[in-house]
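Engineer: One structure is given below, represented as structure tokens, and several questions about it will come after.
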Amino acid sequence: MAVSWIVFDLWLLTVFLGQIGGHSLFSCEPITLRMCQDLPYNTTFMPNLLNHYDQQTAALAMEPFHPMVNLDCSRDFRPFLCALYAPICMEYGRVTLPCRRLCQRAYSECSKLMEMFGVPWPEDMECSRFPDCDEPYPRLVDLNLVGDPTEGAPVAVQRDYGFWCPRELKIDPDLGYSFLHVRDCSPPCPNMYFRREELSFARYFIGLISIICLSATLFTFLTFLIDVTRFRYPERPIIFYAVCYMMVSLIFFIGFLLEDRVACNASSPAQYKASTVTQGSHNKACTMLFMVLYFFTMAGSVWWVILTITWFLAAVPKWGSEAIEKKALLFHASAWGIPGTLTIILLAMNKIEGDNISGVCFVGLYDVDALRYFVLAPLCLYVVVGVSLLLAGIISLNRVRIEIPLEKENQDKLVKFMIRIGVFSILYLVPLLVVIGCYFYEQAYRGIWETTWIQERCREYHIPCPYQVTQMSRPDLILFLMKYLMALIVGIPSIFWVGSKKTCFEWASFFHGRRKKEIVNESRQVLQEPDFAQSLLRDPNTPIIRKSRGTSTQGTSTHASSTQLAMVDDQRSKAGSVHSKVSSYHGSLHRSRDGRYTPCSYRGMEERLPHGSMSRLTDHSRHSSSHRLNEQSRHSSIRDLSNNPMTHITHGTSMNRVIEEDGTSA
């Protein structure tokens, strides 16, 4: 018997101390419950053994048992109830419970009467919970340890009870919810800080920004699909970066359409249940929104880090495009593997929370620890690594600009490329740093916001008000709007990188049902124009001006740079223009009706005339054209080819290629 009492007292002490662990004071107070007057003791403590934080709440819970007490169904029933609702107050840390035999007698003698009044026997009052003994309550040894109430103690003793979950916010224990470190509790919906009209404005604001970001990132991705070979390393990560934020903006847009149907649990007035925030993975729709949003948010940041890595490899060790592309598998494994691992960990820890402002589900909205370790820590790490590599690459490019003598045109291209990298990085880093700043501010002041909310709603929810509140504050809506704005706008800079004349030409070709044509196809198209003969009659010393079809910001490093190709084309233009145009005419000659070739159909290069203008030339013009072609084109071609030295085409690094092409694409 003694051993069982010791074991049970230890268990009860653990439970009781856990209940009042957040209370800064423990004191005895006079019993004010009408049902518990005229007992051998007159002091009690709160919260009691049934988790009633004050005597008023305990009195409300005892009301269903008044008929049984008034009808005196058992002389043990009233002492048994008071032992639970107003237990005897002894020195701190000593708690005693009624004996099991006392409970069994009260139950057997009053259970039928309780059934008549429709009052069920509470689960907290099951007799198997109490120690196996047969002694009255309170025991004589307990009466000797009764504490005296504090002199002049008021009826309602002010103590720090901590947060007590209201009945309206309680959740089924199987779901594993938690709010303000209280289990089986969830925050209220709509948001606990803002009014409905403020939430409505915020939701439409987030929806508008998500549409803008979705349009920009989708345009970037579709531009990539039109010409996949245009964007290669070191710039290929920009495309995956855009895809990630395209998915992020899509999830926010879906949240705007869903409102709070996924982020919040439905209310149940019949069970006194208010609408609460969704937590955990039991809600499949909320889980899917969380997985996509968190995964692509982290993946977008990792792809930005990989972009800085590829720029660093191209600028400092001068890696070529093919060398960087060989590491593509490692890049993809890191960019998708790290966010995937973090997402799986959060799913296993059941850290999903509904966002009743944006309508999506994320992590760290109410759990500060999850925010600190799964949002702030990764983002800060990505920023530090990315900025370090970015600065190293820019410093290397600037050293090249200063130390290596370059032509003025190449100097301007290099400066322009450095400015472009800097602007793109600033457009990404500034919004991301603002988001990180909002998260830090939120975690620093969240405790004050929660205390203010409890202070304002404690009487409405009938829960203890905060004890000795020294500071009260409510969050500003602009803080949350800024956080969502910067979290979405961070994906828009990708459109500035693909914006060029080349992009406009590709989209124009796409909408006209044409694909990009090669230079050979363009030359053949020129040969088929009806006024081509007139172009042959011009002065051969006049340089050929070709229309630009736009240039790409990408290409392979095995090709010559655009500047070198332009030099070769200019050197060959005088001799090669007549040669290519006249030689292409040879295949279009026709025989005359008597089976002979026309006089201008000799095999020699100098004696060929274009077919496209034959029908419009008179005999005089034909002979004059042939004479001028024979004399001028032959001499000019030989002179130009003999004077121009052989030009060698060299292979450049991927950074040189990007710099040169960048100068012509903007």
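Note: Cβ is positioned from N, Cα and C throughout, glycine not excepted.
Sharing the feature lines straight out of Swiss-Prot:
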type     : residues : note
COMPBIAS : 550-565  : compositional bias 'Polar residues'
COMPBIAS : 617-638  : compositional bias 'Basic and acidic residues'
COMPBIAS : 639-656  : compositional bias 'Polar residues'
DOMAIN   : 23-136   : domain 'FZ'
SIGNAL   : 1-22     : signal peptide
TOPO_DOM : 23-205   : topological domain 'Extracellular'
TOPO_DOM : 227-237  : topological domain 'Cytoplasmic'
TOPO_DOM : 259-288  : topological domain 'Extracellular'
TOPO_DOM : 310-328  : topological domain 'Cytoplasmic'
TOPO_DOM : 350-374  : topological domain 'Extracellular'
TOPO_DOM : 396-420  : topological domain 'Cytoplasmic'
TOPO_DOM : 442-477  : topological domain 'Extracellular'
TOPO_DOM : 499-666  : topological domain 'Cytoplasmic'
TRANSMEM : 206-226  : transmembrane segment
TRANSMEM : 238-258  : transmembrane segment
TRANSMEM : 289-309  : transmembrane segment
TRANSMEM : 329-349  : transmembrane segment
TRANSMEM : 375-395  : transmembrane segment
TRANSMEM : 421-441  : transmembrane segment
TRANSMEM : 478-498  : transmembrane segment
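Show me how these features fit into the shown structure, please.
Structural biologist: Restricting the average to the topological domain 'Extracellular' (259-288) gives a pLDDT of 87.
Residue counts for the topological domain 'Cytoplasmic' (310-328) by DSSP state, with H, G and I taken as helix and E and B as strand, are 12 helix, 0 strand, 7 coil.
If you look at the topological domain 'Extracellular' (350-374), the same-chain residues 6 or more away from its ends with a CB under 8 A from one of its CBs are 176, 178-179, 187, 189-191, 194, 199, 202-203, 206, 251-252, 254-264, 277-281, 283, 286-287, 289-290, 293-294, 342, 439, 442-443, 446, 480, 484.
Using a Cβ-Cβ cut-off under 8 Å and counting only residues 6 or more beyond its ends in the same chain, the transmembrane segment (289-309) has close neighbours at 234-235, 237-238, 240-241, 244-245, 247-248, 251-252, 254-255, 262, 331, 334-336, 338-340, 342-343, 346-347, 352, 360-363, 378-379, 382, 385-387, 389-390, 393, 425, 428, 432, 487, 490-491.
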Engineer: Taking contact to mean three or more C-beta pairs under 8 angstroms, with sequence separation of 6 or more, is the transmembrane segment (478-498) in contact with the transmembrane segment (375-395)?
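Structural biologist: Contact criterion not met.
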Engineer: Near the transmembrane segment (375-395), which same-chain residues lie under 8 Å Cβ to Cβ, leaving out any that are not at least 6 residues past its ends?
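Structural biologist: Residues 298, 301-302, 304-305, 307-309, 311-312, 314-316, 342, 363-364, 418, 421-422, 425, 429, 432-433, 435-436, 439-440, 443 contact the transmembrane segment (375-395) from elsewhere in the chain.
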Engineer: By a Cβ-Cβ criterion of under 8 Å, what residues six or more beyond either terminus of the transmembrane segment (238-258) are in contact with it?
Structural biologist: 203-204, 206-207, 209-211, 213-214, 217-218, 220-221, 224, 231, 285, 289, 292-293, 296-297, 299-300, 303-304, 307, 335, 355, 358-360, 484, 487-488, 490-491, 494-495, 497-498
